Amino acid sequence: MGEQPIFSTRAHVFQIDPNTKKNWVPTSKHAVTVSYFYDSTRNVYRIISLDGSKAIINSTITPNMTFTKTSQKFGQWADSRANTVYGLGFSSEHHLSKFAEKFQEFKEAARLAKEKSQEKMELTSTPSQESAGGDLQSPLTPESINGTDDERTPDVTQNSEPRAEPTQNALPFSHSSAISKHWEAELATLKGNNAKLTAALLESTANVKQWKQQLAAYQEEAERLHKRVTELECVSSQANAVHTHKTELNQTIQELEETLKLKEEEIERLKQEIDNARELQEQRDSLTQKLQEVEIRNKDLEGQLSDLEQRLEKSQNEQEAFRNNLKALLEILDGKIFELTELRDNLAKLLECS
């Protein structure tokens with residue numbers, strides 16, 4: 001089956017400075033994928049990360065390795081075969097803890113594989129095994145295990161902690177977010193229109209007051225002119241001049257009446273605009289209520305997502321426990337098969353001797 005990825009995450013990758021042994025040197029410009037691989041042929045676990053086509057991490061996990069958390073989002077381990085120390089900067093403490101758990105898990109699996117390999121090598125070195133053929137091979141050779149007991153991780157200053165990339169495991173609510181943004185845009189448009197209509201209404205109200213004052217002044221002027229005409233008609237003996245002046249005054253009054261009519265039409269138009277503004281206000285209130293309902297729906301969906309994530313994590317834990325139990329049963333079955341093979345060979349020898 002070859003080598004298969006079994007767990008992946010994203011992080012900033014660093015290596016210790018080979019000269020100072022204290023400062024970190026970034027090996028990736030941005031967050032890259034860091035994966036655990038399992039080689040079923042050699043029964044080993046490796047940590048591999050690629051930046052484009054360049055391998056920036058290629059570390060085989062051994063029982064002697066230790067993964068150390070130096071901060072809430074940064075961890076490191078030493079690889080004696082590569083003669084370096086790797087550092088990873090994560091976007092959150094949760095991703096760091098998950099990576100550390102997997103490291104401890106695969107380290108323990110590597111230890112068990114090493115012990116099993118040593119036991120098989122000891123069994124193959126006994127005379128009974130040599131007489132049985134001696135063709136059994138260990139699934140993991142000593143050359144495939146790296147690392148020493150005296151590995152030490154260097155001291156890392158707090159200032160060398162990297163800036164982690166944002167996580168990509170979140171599940172966005174694309175549909176509900178689009179609806180929410182749509183209603184927010186509609187609400188903003190209505191607010192702008194409402195502000196414009198309010199300003200226009202205030203201006204129109206001020207104009208109406210001004211026009212009413214002008215109209216009252218025009219009416220007073222008209223009354224004064226009528227009185228003046230009456231006085232002129234009574235006093236003046238120049239009938240033609242009075243008639244001409246009266247005609248002019250009548251024309252002025254007609255113009256004022258036409259102006260008054262136009263102002264009244266303008267007042268009716270402004271009333272209609274006020275009614276439209278009230279309708280827009282009602283629409284805005286309705287959209288606000290719908291937006292609140294969408295927000296409540298989003299909160300419900302977020303709660304459902306959290307519950308699903310908890311169920312998924314629980315299911316993964318159960319599957320992992322089942323895999324571990326299955327591995328243990330397979331190891332027991334291998335031992336029983338080996339014992340039955342040895343018993344068969346012994347029986348065959350007895351038959352030959354008899």
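Cβ coordinates are placed from backbone N, Cα and C, and glycine is handled just like the others.
Taken from TrEMBL, the feature domain 'WH1' applies to 1-110. What TrEMBL lists as region 'Disordered' is 114-173. Feature annotation from TrEMBL assigns compositional bias 'Polar residues' to 138-147, 155-173. Look at TrEMBL and you will find 201-332 tagged as coiled coil.
Per-residue pLDDT, averaged across the domain 'WH1' (1-110), gives 90. The residues of the domain 'WH1' (1-110), classed with DSSP into helix (H, G, I), strand (E, B) and coil, number 18 helix, 54 strand, 38 coil.
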